[in-house]
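Straight from TrEMBL, the features:
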DOMAIN    658-722  domain 'CBS'
DOMAIN    755-814  domain 'CBS'
REGION    821-840  region 'Disordered'
REGION    847-866  region 'Disordered'
TRANSMEM  126-150  transmembrane segment
TRANSMEM  214-236  transmembrane segment
TRANSMEM  256-277  transmembrane segment
TRANSMEM  284-301  transmembrane segment
TRANSMEM  313-337  transmembrane segment
TRANSMEM  386-408  transmembrane segment
TRANSMEM  428-447  transmembrane segment
TRANSMEM  499-520  transmembrane segment
TRANSMEM  532-553  transmembrane segment
TRANSMEM  573-598  transmembrane segment
Amino acid sequence: MESEQLFHRGYYRNSYNSITSASSDEELLDGAGVIMDFQTSEDDNLLDGDASIGTHYTMTNGGNINSSTHLLDLLDEPIPGVGTYDDFHTIDWVREKCKDRERHRRINSKKKESAWEMTKSLYDAWSGWLVVTLTGLASGALAGLIDIAADWMTDLKEGICLSALWFNHEQCCWGSNETTFEERDKCPQWKTWAELIIGQAEGPGSYIMNYIMYIFWALSFAFLAVSLVKVFAPYACGSGIPEIKTILSGFIIRGYLGKWTLMIKTITLVLAVASGLSLGKEGPLVHVACCCGNIFSYLFPKYSTNEAKKREVLSAASAAGVSVAFGAPIGGVLFSLEEVSYYFPLKTLWRSFFAALVAAFVLRSINPFGNSRLVLFYVEYHTPWYLFELLPFILLGVFGGLWGAFFIRANIAWCRRRKSTKFGKYPVLEVIVVAAITAVIAFPNPYTRLNTSELIKELFTDCGPLESSSLCDYRNDMNASKIVDDIPDRPAGTGVYSAIWQLCLALIFKIIMTVFTFGIKVPSGLFIPSMAIGAIAGRIVGIAVEQLAYYHHDWFIFKEWCEVGADCITPGLYAMVGAAACLGGVTRMTVSLVVIVFELTGGLEYIVPLMAAVMTSKWVGDAFGREGIYEAHIRLNGYPFLDAKEEFTHTTLAADVMRPRRSDPPLAVLTQDNMTVEDIENLINETSYNGFPVIMSKESQRLVGFALRRDLTIAIESARKKQEGIVGSSRVCFAQHTPSLPAESPRPLKLRSILDMSPFTVTDHTPMEIVVDIFRKLGLRQCLVTHNGIVLGIITKKNILEHLEQLKQHVEPLAPPWHYNKKRYPPSYGPDGKPRPRLNNVQLKPIAEEREETEEEVHLLNSTTL
């Protein structure tokens, strides 16, 4: 029962704290998909969080850089738990960077005191390189293990090697002397299931038996994979890249990068790939590598105690994951920089490069594919491309963009509907049904029966004298007037036309099944299925262009560069360009994708076709929506992620977004030296806010600082235990100097050291465009809104995300220039020049309702040229 609750828990909840919610972790939007439900964010929401005294909150004092004092004046040692974060909280980047700078200064100041301190300083300096080295070693080793196991289990669906059970089909026939050129995959050592069970190698009975065993093994692998995920590691499902992007932006998801997730994801990834589902292992390998980086970071205090520094390791780990997934170390570094990383300083670039290098070296040493290459579908082309071919390359880019836009919308719509269908309540049944449909349809078609990586390899490979594939069944033309190449362009034979029809059916099958497969409760990557769809389309286009050039070589577009009997067109190159275009259309990657595919081929001369196709696919995809599939799933899951690629073009102000609103309770504040311990405890008990602005007094109401709920609770509890004379009537002082008190007054409690004296503030007239940039570039959790130094409200990351989503649904008309100067709140001082009366909170006048302009606003309107 406990594991069932774990499996069904999601991020769509009344509070992020209620982690036992049974809603689907894919469905965080309303069924109609109108507005994101951000009212749940405890991590960012300093107003609406579900807090209580008994809850262990781990918020940070974001702007306080005064590290020379202890957390509490009354304590000499730090309190356990301070400076850490709970599940589903956002880290405070500013505080974490300040902590790291203070740690570095402390180490440097002591390194000349003794040899031991110098050794500790050197260890601290080299710990970053050590952790990325360990991450690269582990990532490469696990990737090699996954590749070998997945190949063996994939072939297990068709038969078994009697001479060595641990050999896959290809390895089983390596040592056989009885293979032929035409049937190189057949050898006495390899037995199909029909031969073992009914003793027949050919005929209808053999075909039916192999069909049944193929479905049986596919369902067995899929059931075992989803069962392991459900029982042991619910976080092991999916691609992992949307969550990695969110974690790298500063969000905490406990257990997502833990040892159980690593272990179960490694095992179930092999099972999921072997089941024949339309998914790949490349995306989940990034998750596996980040799990390794997270685990190894706990061995070094520099990273285990600092969440911001830990994310530098995770950025390097994601580069290592792509390096071993595609055999592209440089592409992995660029992928980490372009696609997943939120904070990427220069030293992280170097360490990412080193981690990718180490991971690729280990994988190359293991040689999982037996071809001395890092990937299965490594190819090299020897025929150059010509200027005319840019046209079909661009058309493939258009297809990739259309496919990407269709897939994103269809997959998100299906994931959104999953909660309202029985599949959302029964994830195991969903996986079994998808696996059964995939196996039943895939077996009759040889191109869908193949492992997807092997299919891409066959589509990428150029036809040579040693190729026996149906795609290379060309008729030899003995009447060619001139032979320029060993294998000139030739007319297609019956095998080629048959293969084209099978590829068309495979294309339709892959498109449909990938939509329903991505997002189910097993490890599922998207890179390989997208590349397979593009490779199929590209190979078909390449064969069509090749035959067009052969039969119409006298056309002006071919006449100048394609002579009769010459090898002009390379269909495999079209498959490679199509694969890059489709993957770019889905993920909206550009630079890193071109480099990854370039490293797959090893040919510099094909960069221009790749760039043309990838940019075209991005432009076409952006015409239908700027979000890639990972950003769409982040938004679907409701993660607090501010995408740096998204532009804010609206004219709203900070006052339009800040809280409290009209329907919210007023913003609770603390006074600098006029409140007692009992007053603060009552305020904490009566409210659920996770932080409180501190003002000078009820009369002045000017902002002094910001105090976090958790720090207040810990400070008061510690003072009661360790200080004599602290009672409910004790005055709490946030000021530097304690005010004079009557002699009979109880001892005051100084809490200035827990006060954030430099909270980030903006005025109520600040455009939201600037506020959003501040949150993105500084990684803020919250900022206060003031007017002439008087606090009006607060803006959190949750409020910004909610506002952005509302603007997407309701496009705001452009406002006139005077909008920015218009007073949105009444003056903080009354007509008599005195501050308006206010208790321990700020009661704001709602702005949602229209009101008549004041004289100042009318003057601004009349004096402004519109």
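The count begins at 1 with the first shown residue.
Each Cβ is built from the backbone N, Cα and C atoms, and glycine gets one as well.
It should be emphasised that the depicted structure is a prediction, and the values quoted were computed from it without experimental measurement.
Of the two recorded stretches, the transmembrane segment (313-337) lies close to the transmembrane segment (284-301), with three or more CB pairs under 8 Å once pairs fewer than 6 apart in sequence are set aside. Residues of the same chain lying 6 or more positions beyond the ends of the transmembrane segment (214-236) and with a Cβ under 8 Å from any Cβ of it are 3-4, 6-7, 9, 25, 153, 156-158, 243, 253, 255-256, 258, 260-261, 263-265, 267-268, 271-272, 274-277, 427-428, 431-432, 434-436, 438-440, 443, 449, 520-523. In terms of C-beta pairs under 8 Å, the stretch of 126-150, 256-277, 428-447, 573-598 lying closest in packing to the transmembrane segment (284-301) is 126-150. In terms of DSSP helix, strand and coil, the domain 'CBS' (658-722) has 24 helix, 19 strand, 22 coil.
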